[in-house]
Amino acid sequence: MPDSESKLVSSHEVVVNRTSDLSEMKIPAEKRSAEKRTVTHIEKNGYPDSIYINAAKIFQGIHTEKSKDRMLVQYGNNSESPMMAFKDEHSRRVSYELAFNALKYQDLLEQILLDSSAYPCYSIVNRKFQERKIFDEDELVAEVQEVGQYLYSYRTKLAAALARCRIKHDALSIEYFVPETIWKQEQRASALPVCVWINTFKISLEDVIKDLEMKGLTKVESVSDFDHYTFAVDQHCHDVLVFPSSLREELLNLDLFADCKLLLQDKSRSLAVHSAQALLSEGGDIIAAHVGSHLTIAHMSVLTNHSMSTIFVCGVKSSAREELRNSFSHMGCENIQLLHEDFTELEPTDRRLEKAKVILLLPQCSGLGVGNPMEFILSENRDAGLLQDLFQGFVSEDKLSILAERELNELIHALKFNKVQAIVYCTCSVYPEENELVVKKALESGVEGDKARRYRLIPSVFSTCFNSEASTEMFFKMEPSEISSGCFLAVLQREKNTSKKVSAKDILASAAAKGLLDGIVEEKPKEEVKKQKVKRRRRKVTASDSKPKAAKLLHRQTGANVKAEVSVSKAASKIQEKH
């Protein structure tokens, strides 16, 4: 692996730890708290060598590429995706945190490495490191040891270089060198309430509340009432509890989490799952287009426990199959079937999916709306490139175009499943190109498998606009803030089949039962009724045999029903008019 990767990651640890006394100067409270959060990511005693190796590989793929005239440090070739294996979840998390910290301070690290003359180091640069295996925690890696010892020998010069850099920029703390977009995002992440959903396979809402209250927590009405040891039931999802961010570490140590009775997950995923469950008919199955987080699939399983539904999860590779099954089994989930095919590889007529009524589509989006990017990457197994996008504050036009095209293709493919009745499309993106425009283009494509029953937008179960005719916004959206991550949710449902023929006899019988034909249809003598029965054997009664007044009544009723089913969304209305 390239030597400079290890150098930057390791130097970050040395510089931050050896100059902590310099950063204790009097600085604004909000800056100081942010700095402490950054520093505490790095433990004073360091980490096993294998973690530095993985962190360097991650950093190699996300570091900021600079033009040749501005390039201070050579990082080697990062054209190939590095292969990484983590001993456990803690090792994985720490590796990503180290890499992101190196990215945040890349400019600062480069300056002090050059100013201290620690870089370039030809005894290390000229060494040809070979690809090596992932080592056990206690095993030493020669290249990490050599770089660490070398930087330690420069510890005084590195500290002096950092001090000169801070004086030059009049920086009261190293947070000065963090881009404003990153600093603000980390402030939001630190204040974001902790959301957990209840695994009712193992415990009820009532029992969870009792357990928490016995531990000294108080249930309040909403997030606005939080006062440290408090919690609230989420306003949108009845099985989601919300806690102050300050309780995060204490919560994770509770036995409720160890036993998988409470599961920590971003609220946006719970919104998507509840939307899908609300659309599910009795006995219908669900297609989860992506694996994403296994917690999302498990939550769907819990909510559909009493409906005899099966959840088909697409794109599960053989290497992950056993681990997923063990995780689901540990949580008590049994109605899940794993499919190795990617969603777009599935045929809409696949016999395994004959009972599928709802598709849950959570595409791999840009993700810039998430409140905690690190958690999102780790829980959703997403590309570390999100950290790079977050660092620069936007997604490049080329990357956004690629993402939007892939999302559109997936949504169009979902429309082709004849027997599916509804689709839930949910992203964590802040870009209309991945949200409203994808939905609009998909609906305009006209690729629905059932041409007689096209899809239309409907309000989600969380919409505050229950009067659809008065609503102009059919999407559910939450903007990124200090109380929630960003979320976009669209619900597409097939129109009801109004073309089904109903006999005049059934129509009149229904109308008569409702008392709508008083004075319109007179009771006929028995002899005349017998004659009509004979005639019915000879010819088929049609709707045109009904009296004019009944026909007009039928027309009015049918028209009212059709009108009630028409979406009032501007986008949906235009689409329906077009078709």
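One-based numbering along the chain as shown.
Using the three backbone atoms N, Cα and C, a Cβ is placed for every residue, glycine included.
Features of the protein shown, as given by TrEMBL:
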ACT_SITE  Cys428  active site, nucleophile
BINDING   Asp342  S-adenosyl-L-methionine binding site
COMPBIAS  532-541  compositional bias 'Basic residues'
DOMAIN    184-495  domain 'SAM-dependent MTase RsmB/NOP-type'
REGION    527-579  region 'Disordered'
Between the residue listed as 'active site, nucleophile' and Asp342 (S-adenosyl-L-methionine binding site), the C-alpha gap once rounded to whole angstrom: 21
Nonlocal neighbours by CB distance (under 8 Å) for the residue listed as 'S-adenosyl-L-methionine binding site', same chain, sequence gap 6 or more: Cys314, Gly315
Other CB atoms within 10 A, centred on Cys428 (active site, nucleophile): 28
For the domain 'SAM-dependent MTase RsmB/NOP-type' (184-495), mean pLDDT (0 to 100): 90
